[in-house]
Amino acid sequence: MIKSALLVLEDGTQFHGRAIGATGSAVGEVVFNTSMTGYQEILTDPSYSRQIVTLTYPHIGNVGTNKADEESSQVHAQGLVIRDLPLIASNFRNTEDLSSYLKRHNIVAIADIDTRKLTRLLREKGAQNGCIIAGDSPDAKLALEKAKAFPGLNGMDLAKEVTTAETYRWTQGSWTLKDGLPEAKSEDDLPFHVVAYDFGAKRNILRMLVDRGCRLTVVPAQTSAEEVLKMNPDGIFLSNGPGDPAPCDYAITAIQKFLETDIPLFGICLGHQLLALASGAKTVKMKFGHHGGNHPVKDMDRNVVMITAQNHGFAVDEDSLPANLRVTHKSLFDGTLQGIHRTDKPAFSFQGHPEASPGPHDAAPLFDHFIELIEQYRQSAK
């Protein structure tokens, strides 16, 4: 039996539709993502913790779901909003249709609403808190109360909530059309030891590091600098993650200690913001953030434009940059800061997602730059 669903924003705007996931309610910050494909990667990206994701492309679910496309061990998005769910999922990799996948993971989702209207509203007013209720008779008053009660992401430290509980090793490379996901590589074949902080790390980031010869020790978000330095890493990676970077004082303190050494540092997304904060810069909450796979970014060093994947609601304030941070990348949508590099240390970061998943790979050479810094560090240490 088809069940009703209702999305209510904190300003009182209502969207009536059809439930395509679990029965119940979901509360979070409502954002929109412009990616045409990759809905499963988006749902399982830890950076979407406490967020309800609106997908602007009208047809979502065409290719179903499969195990290989998951970016983490669970769905982290609080809820899903789409225009149309196809009747049939058709793809040679499909193992489960999207609706069944959402129900199995207990994710509340709504379809058959005007996502263009919702996106325009979020773009004009900014990201809003919202509530989806799915069931026989969704209560609009209750949904509004829940939406207004949600505290928002400002000041919310979510990295320590989504991080791994235990340190683990990662040596698996990237998926290929010919072979699918490969077996884990032997550590003897991976010359560079990189410690990766898991603030909400996506698996494809880890795979792309392995592709470049890194054997990874993935550590919890609150791991101290002293513990990491005892591991004798050739490089330290700061992952993506959800929430506000400013409350992550444990990470900022650790990064400041790493910056007293010459060990190469590479940060992505939240890791980028944390490197900036540890260097003395400030971060700000954006109006509606960047979420999608079609964002143009200018590489200031090479004077070229890259199309990138983005997923963030906070940004580094360029006006707050200290003298030892130089700008390497800027958004061509709104001019916000996208990349920084320390002038006195082998440390750099990027706001977007060079690993894509989903999205283009124009920014993938940033991983190669990290390897170059690691090789230089190892040479100087001899």
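Just so you know, the numbers here start at 1 and follow the chain as drawn.
Note that Cβ sites are derived from N, Cα and C of the backbone, with glycine treated the same way.
Listed in Swiss-Prot for this protein:
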REGION    1-189  region 'CPSase'
BINDING   S47, G241, G243, L270, Q273, N311, G313, F314  L-glutamine binding site
DOMAIN    193-380  domain 'Glutamine amidotransferase type-1'
ACT_SITE  C269  active site, nucleophile
ACT_SITE  H353  active site
ACT_SITE  E355  active site
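Features recorded in Swiss-Prot, as mapped to the structure shown.
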{"residue": "G241", "record": "L-glutamine binding site", "Cβ neighbours (10 Å)": "33"}
{"residue": "G243", "record": "L-glutamine binding site", "Cβ neighbours (10 Å)": "27"}
{"residue": "C269", "record": "active site, nucleophile", "Cβ neighbours (10 Å)": "32"}
{"residue": "L270", "record": "L-glutamine binding site", "Cβ neighbours (10 Å)": "33"}
{"residue": "Q273", "record": "L-glutamine binding site", "Cβ neighbours (10 Å)": "32"}
{"residue": "N311", "record": "L-glutamine binding site", "Cβ neighbours (10 Å)": "28"}
{"residue": "G313", "record": "L-glutamine binding site", "Cβ neighbours (10 Å)": "21"}
{"residue": "F314", "record": "L-glutamine binding site", "Cβ neighbours (10 Å)": "20"}
{"residue": "H353", "record": "active site", "Cβ neighbours (10 Å)": "26"}
{"residue": "E355", "record": "active site", "Cβ neighbours (10 Å)": "26"}
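Under the DSSP three-state reduction, L270 (L-glutamine binding site) is assigned to helix. In the three-state DSSP reading, H353 (active site) counts as strand. Residue pair G243 (L-glutamine binding site) / H353 (active site) shows a Cα separation of 16 Å. Spanning the listed L-glutamine site, residues S47, G241, G243, L270, Q273, N311, G313, F314 have a farthest Cα to Cα distance of 13 Å. Closest by Cα distance to E355 (active site), from the recorded positions S47, G241, C269, L270, is C269. Each residue in G200, N240, P242, D244, P245, C269, H312 lies on the same chain as S47, G241, G243, L270, Q273, N311, G313, F314 and has a C-beta within 8 Å of the C-beta centroid of that L-glutamine site, without being one of the site residues. Taking only the Cα positions, the spacing between Q273 (L-glutamine binding site) and H353 (active site) is 13 angstrom. Counting every protein chain shown, 29 other Cβ atoms lie within 10 Å of the Cβ of S47 (L-glutamine binding site).
Considering only the recorded positions G241, C269, L270, G313, H353 (active site) has C269 as its nearest partner by CA-CA distance.
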